[in-house]
Amino acid sequence: MKPSLFLTALCLGIASAAPKLDQNLDADWYKWKATHGRLYGMNEEGWRRAVWEKNMKMIELHNQEYSQGKHGFSMAMNAFGDMTNEEFRQVMNGFQNQKHKKGKVFHESLVLEVPKSVDWREKGYVTAVKNQGQCGSCWAFSATGALEGQMFRKTGKLVSLSEQNLVDCSRPQGNQGCNGGLMDNAFQYVKDNGGLDTEESYPYLGRETNSCTYKPECSAANDTGFVDIPQREKALMKAVATVGPISVAIDAGHSSFQFYKSGIYYDPDCSSKDLDHGVLVVGYGFEGTDSNSSKFWIVKNSWGPEWGWNGYVKMAKDQNNHCGISTAASYPTV
């Protein structure tokens with residue numbers, strides 16, 4: 001995100017007329033601020049409160065409709081409550097939607113049958129949910145997640161890998177640190193570099209350091225390249241079932257996703273082409289007794305465990321590539 005964009009949005013808010021606030025929400029506002037450690041200047045407090053109230057009322061309306069069966073998922077107030085949707089998209093979503101296919105191609109014809117449900121968390125392939133903070137580094141978290149899974153598949157050891165290593169060091173491959181990147185570029189960096197450090201040795205800072213401090217002796221992963229999956233959900237399903245967790249990009253720019261809490265996420269406005277957020281598919285499944293209905297992808301996000309379904313989201317599966325989940329899927333080869 002460019003700081004000037006944030007400042008512009010902020011200044012526009014401050015310059016507007018003083019908003020009329022709902023005093024009935026005072027206690028909720030003070031509790032939310034305390035929970036998330038928010039401190040504002042005198043001029044900013046009213047504007048942020050107004051944004052928060054607008055988001056709160058939108059969430060309440062959605063959940064009323066959810067209780068009436070009009071939606072398949074619920075929403076909840078969270079750490080993004082004082083952000084406009086425009087700010088949210090600028091700060092949190094850092095996938096660069098300009099994929100240049102350079103990897104091998106996944107051959108789905110070699111896979112005949114797959115299970116009706118898969119969850120690689122149950123097999124030890126997936127680390128705990130992480131938090132990218134206010135840095136557009138989603139691509140790095142998606143990439144480490146896929147590489148962590150493949151290294152576990154190869155070695156039987158699950159080691160948390162360093163997103164900061166990717167943020168600091170993969171600019172020559174085309175990534176832009178906190179201003180966005182591509183998972184395939186990250187996989188290419190690991191191959192070119194000959195390794196990727198552990199999270200423990202190269203901890204995440206949530207900002208750019210303008211200095212690459214990779215230490216070969218602390219490397220815990222390597223790859224030989226990457227595989228791009230054909231842009232079909234059936235191909236993605238076969239890859240998830242047979243390979244492990246898969247890096248994908250989605251359209252995550254909607255308020256409904258910003259405040260997602262539980263259930264199967266489906267928003268008719270979600271695009272299959274305008275992708276802005278890198279995440280990790282760790283499995284798939286279905287709700288109820290009919291495996292042909294209420295199907296979902298199990299998606300690991302990088303906004304902390306308090307967001308959504310303990311840091312995850314169930315995304316509608318086999319609904320015309322909803323939110324573009326199969327548009328830019330890939331995984332590293334190790």
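Each residue, glycine too, has its Cβ placed from N, Cα and C.
The disulfide entry in Swiss-Prot for C135 points, among C138, C169, C178, to C178. In the structure as shown, the Cβ atom of C135 (disulfide bond) sits within 10 Å of 23 other Cβ atoms.
Following the DSSP three-state reduction, the secondary structure of H277 (active site) is strand. The subset of recorded positions (E163, D184, C212, D228, H254, N292) lying with their Cα within 10 Å of the Cα of N301 (active site) is empty, i.e. none. Nearest to H254 (Zn(2+) 5 binding site) in space, judged by Cα atoms and limited to the recorded positions C138, C169, D184, N292, is C138.
When the recorded positions N222, N292, N301 are scored by other C-beta atoms within 10 Å, N301 scores highest. Within 10 Å of E163 (Zn(2+) 2 binding site), counting CA to CA, the recorded positions C138, C178, D251, H277, N292 contribute C138.
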